[in-house]
Amino acid sequence: MAARMDPGIGGEVTLLHTSQLDNLINLARASSLYYLTFGLACCGIELMQTGGPRADLMRFGAIPRASPRQADFMIVAGTLTYKMAERARLLYDQMPEPKYVISMGSCSNCGGLFQLGYSVCKGVDKVIPVDVYVPGCPPRPEALTEGLLRLQEIVRSEPWSTKRRPAAQAEGA
């Protein structure tokens with residue numbers, strides 16, 4: 001749908017209604033997400049199981065990548081220490097926009113069993129903005145698959161032409 005406006009001296013400007021284009025692009029983006037794994041402890045083992053033939057994230061369009069520059073989202077799985085938090089932030093900063101984060105397991109979400117340790121970060125969201133939390137200790141591959149489906153819903157609902165605000169930043173504003 002197109003509309004015409006007269007901006008004054010410059011002539012006519014054509015405005016386009018892009019909601020159908022947004023839907024088409026978001027459907028393509030949600031169906032081909034590349035992920036970066038950041039497995040740190042026992043949740044990392046479940047993360048590997050999710051990529052295996054029984055759970056197979058690839059059937060949902062999620063493809064693992066070794067480089068953060070090729071990844072759309074990062075899965076942080078396991079206990080995040082302050083020393084590893086610097087590396088997680090560095091990898092997150094190297095990812096292209098729009099970028100998303102899934103926090104997998106109790107240790108990533110809030111520190112989990114090791115939260116009283118002096119070197120344990122009390123949640124990934126203290127270091128990088130998180131979009132989807134997957135609970136469990138460790139979460140089953142089915143739970144991570146549900147987290148991926150939730151992330152796909154988030155990607156489908158966003159307008160692709162605007163700069164996105166991660167969930168953690170949006171809550172703080």
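Each Cβ is built from the backbone N, Cα and C atoms, and glycine gets one as well.
If you look up Swiss-Prot, you'll see Cys42, Cys43, Cys107, Cys137 marked as [4Fe-4S] cluster binding site.
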CB contacts for Cys43 ([4Fe-4S] cluster binding site) [other CB atoms within 10 A, all chains]:
27
With the [4Fe-4S] cluster site defined by Cys42, Cys43, Cys107, Cys137, which remaining residues of that chain have Cβ atoms positioned within 8 Å of the Cβ centroid?
Ala41, Glu46, Ala77, Gly78, Thr79, Met104, Gly105, Ser106, Ser108, Gly112, Leu113, Gly136, Pro138, Pro139
Using a Cβ cut-off under 8 Å and a sequence separation of 6 or more, which residues in the same chain sit near Cys137 ([4Fe-4S] cluster binding site)?
Gly105, Ser106, Cys107, Gly112, Leu113
What does DSSP say about Cys43 ([4Fe-4S] cluster binding site): helix, strand or coil?
helix
Using other CB atoms within 10 angstroms as the count, which residue among the binding-site residues Cys42, Cys107 scores least?
Cys42
Conformational class of Cys107 ([4Fe-4S] cluster binding site) under the three-state DSSP mapping:
helix
